[in-house]
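*Asks:* According to Swiss-Prot, the record shows the following:
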type	residues	note
ACT_SITE	HIS87	active site, charge relay system
ACT_SITE	ASP223	active site, charge relay system
ACT_SITE	SER645	active site, charge relay system
SIGNAL	1-22	signal peptide
SITE	GLY663	site 'Critical for substrate specificity of DPP7'
Amino acid sequence: MKLKRILLSVALLCGIGTTAMADKGMWLLNELNQQNYERMKELGFKLSPEQLYSLGQPSVASAVVIFGGGCTGITVSNEGLIFTNHHCGFGAIQSQSTVDHDYLRDGFRSNNHVEELPIPGLSVRYLREIVDVTPRIEAAVKGAKSEMERMQIIEELSQKINAEYTKGSTVVGEVTPYYAGNKYYVVVYNVFQDVRLVMAPPSSVGKFGGDTDNWMWTRHTGDFSVFRVYADANNNPALYSQNNKPYKPISYAPVSLNGYREGDYAMTIGFPGSTNRYLTSWGVEDVVNNENSPRIEVRGIKQAIWKEAMEADQATRIKYASKYAQSSNYWKNSIGMNRGLKNLDVVNRKRAEEKAFEAWIAKNNSQSTYGHILPGLKADYAKSAAISKDINYLYETLWGGTEIVRLARDVNSVGRIQAADMPKYKGRLEELYKDYLPSLDVKVLPAMLDIVRQRVSADCQPDIFKFIDKKFKGSTEKYAQYVFEKSIVPYADKVKDFLNLPADKQKKILDKDPAVALFNSVLPAIMQAQDKSEEMMLNIEKGKREYFAASRIMDPNRQMPSDANFTMRMSYGSIKGYAPKDGAWYNYYTTEQGVFEKQDPTSSEFAVQPEILSLLRSKDFGQYGVGDHLRLCFLSDNDITGGNSGSPVFNGNGELIGLAFDGNWEAMSGDIEFEPDLQRTISVDIRYVLFMIDKWAKMPHLIKELNLVKGDQRDLMPAGKGGNCSHKKAQTCAKKECSKGKKCAEKSATCISAMKDGKPCKTEKACAAGQKSAEKKANCCSTMKDGKPCTGDKDCAKSGKACCGKNKEAAAKKASKK
């Protein structure tokens, strides 16, 4: 450990990256440049660009899918088998669960295709095509006189372009902005709507650790679930039919049993949802104060009410499990983000960037071109602060907090439903009521109303408070009881009867319904608040667009990947642990031992079924084990955010080694500021997934369906066998370079940081022991006159003699005297 620390210190002094340093960013595969690719090869990537990404052809990326409405998945067999996270499949598993068949608690396994469960409403999307439509957008907006007009033009043209690429419900085109609105692509997908549940572990595995461990390392969660995509007889996307057959994909991922070592190449491909890496300091403050803070307060109160009821009743737990998980995920994310932004002093980092931008403007006499950008953003953020906070409080409380307002919206829309659409409308309502409890929501409503009264500006509050004050003397609890006693909206049976009435009778009932009255008060309040903020928000978007474009001109060599927007991206890096704080170090993997250390039968988050504990205790890990242990989760320094859940993690050969499911607590600020020393992706080891499928679910037919890759196990490779080189400070290297006991491997961590010119060490001689070793040359960085890396003999000392030759000690003494 001490030697590693010394090496790292030398590398930092030299200003040369180590092999384990990822490139910041979520890269567009269709824009992958030579610089990216060369760096990927340095880190250990072995495939060609075409093998990585080639739409319509077999490639690594062709097997990656959008799973549902906000996750990623990976195709792993020639019969449409999909691996994704347990929390991504959680809603699907919950939808099939009952008290008698509790698949959340007990897990699910199918013995054949017939037993696989269709999931209504679930879809999987395969990327079909990406087309640059920027010229069409730019030509259309050229004459726009305002940001509002510009937005309307883009929206209308986008709808037209979408229609050009969309074919029914199975091929969908979506125009999407990139680079802060400076570029536009239409992204086209094949949409498969017959997706079936194949296998899911018990929640004690798939959700082990619950909210306590969410966003945390160490982790011991088997966060995976298994689905299958079905297609019609011609292998085309289709709606559900018993006649459909398993989909034959263009590509599917090989699954590696060979493991990984620290420093090994790791790559994720997925659909990250949203990042804001190019915000100004005022934008960061807006996120902290006006977005995250309302979310933290409101969801904390709502979730406490839900949790008490869920722990008291099994049926309630099943109904609200998915809702609670979705709510708490971003509640804890917001807490961690605010903490991280403060700890990393991100606001002042952004201010430093702004000062550099202003200095560049002054140096280039560009005040007339760019001088308005930052002052405009500062002013617009200041104007929008109060209304932004009001909007977020209204959304979190009365729109997203209590459920009755949106139910009232749906019931109230009955008059606009055409006869042909009525069956679909009734089916949607039935799904909503299936997981709704009026007895619980009646407790949430007054809590949400109280927050609105306390936090939202008086002129933005819904006028329902006048009624509450007049009739109930301000008591929100009495008002809530009144709503739930007098309204038909909270009760599925009453709504069902209501839908069978003539239209005139329906209107009379709705006109008098107190829940509908609440909806008719809340909606205008939100819309009015949005109207007030719209111009300011559009001006902010304009400023962000201009700031991004100008920043690229200021520093044309700076790599500025587009922010995430739920389109396909790649992140490359290495398997790597991290230091969460001074004096602490987190290992890069966990094992089954941690389950025994954490498990607690008295805790709903850490209770594990005896059969699972017995299975792990038996150590019958077979081909999935590492010695007498089973690796459960691991870390890599890939870039991750929401939407990446379920993203495949590939090794340098394009083989699946894990499924990404989380980020770490110390780097929750990563959506705004990527911190390479801290930011880590948490993934479930694919061998834990296979172990549960094989040994727990006893589904050998699924294991046979996979393309398993077996070879030398990376985890156990000794020195000289493709693991640690025999060179005393080398960390990783290619097998062929170390198989004969060479002291140095091509592109090893030591040699990259050690060579005078920064290039990889390619020969044994370059790393041999003695005065001329690359290892020793690294020490010369400290003898530089200006403290910068040694790049030539003249730079090292005043004498101008050799950087690391016989005069090394003399050079060092001269430098120290200076």
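Placed from the backbone N, Cα and C atoms, the Cβ positions cover glycine too.
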*Asks:* Would you mind listing, in sequence order, the residues at least six apart from GLY663 (site 'Critical for substrate specificity of DPP7') in the same chain with a Cβ closer than 8 Å to its Cβ?
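*Replies:* In sequence order, TRP215, ILE640, THR641, GLY670, GLN679, ARG680, THR681, ILE682 meet the Cβ cut-off.
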*Asks:* Tell me the Cβ contacts of SER645 (active site, charge relay system) under 8 Å, same chain only and six or more apart in sequence, or just say none.
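*Replies:* When sequence neighbours closer than 6 are ignored, SER645 (active site, charge relay system) has GLY70, CYS71, THR72, THR84, ASN85, HIS87, CYS88, ALA660, PHE661, ASP662 within Cβ distance under 8 Å.
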*Asks:* For the active-site residues HIS87, ASP223, which one has the sparsest Cβ surroundings, going by other Cβ atoms within 10 Å?
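*Replies:* If we count Cβ atoms within 10 Å for the active-site residues HIS87, ASP223, the smallest count is at HIS87.
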*Asks:* Check the DSSP secondary structure of SER645 (active site, charge relay system), expressed as helix, strand or coil.
*Replies:* coil
*Asks:* According to DSSP, does ASP223 (active site, charge relay system) fall in a helix, a strand, or coil?
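*Replies:* SS state of ASP223 (active site, charge relay system) = coil.
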*Asks:* Can you see whether DSSP assigns GLY663 (site 'Critical for substrate specificity of DPP7') to helix, strand or coil?
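*Replies:* Going by the DSSP assignment, GLY663 (site 'Critical for substrate specificity of DPP7') falls within a strand, counted as strand.
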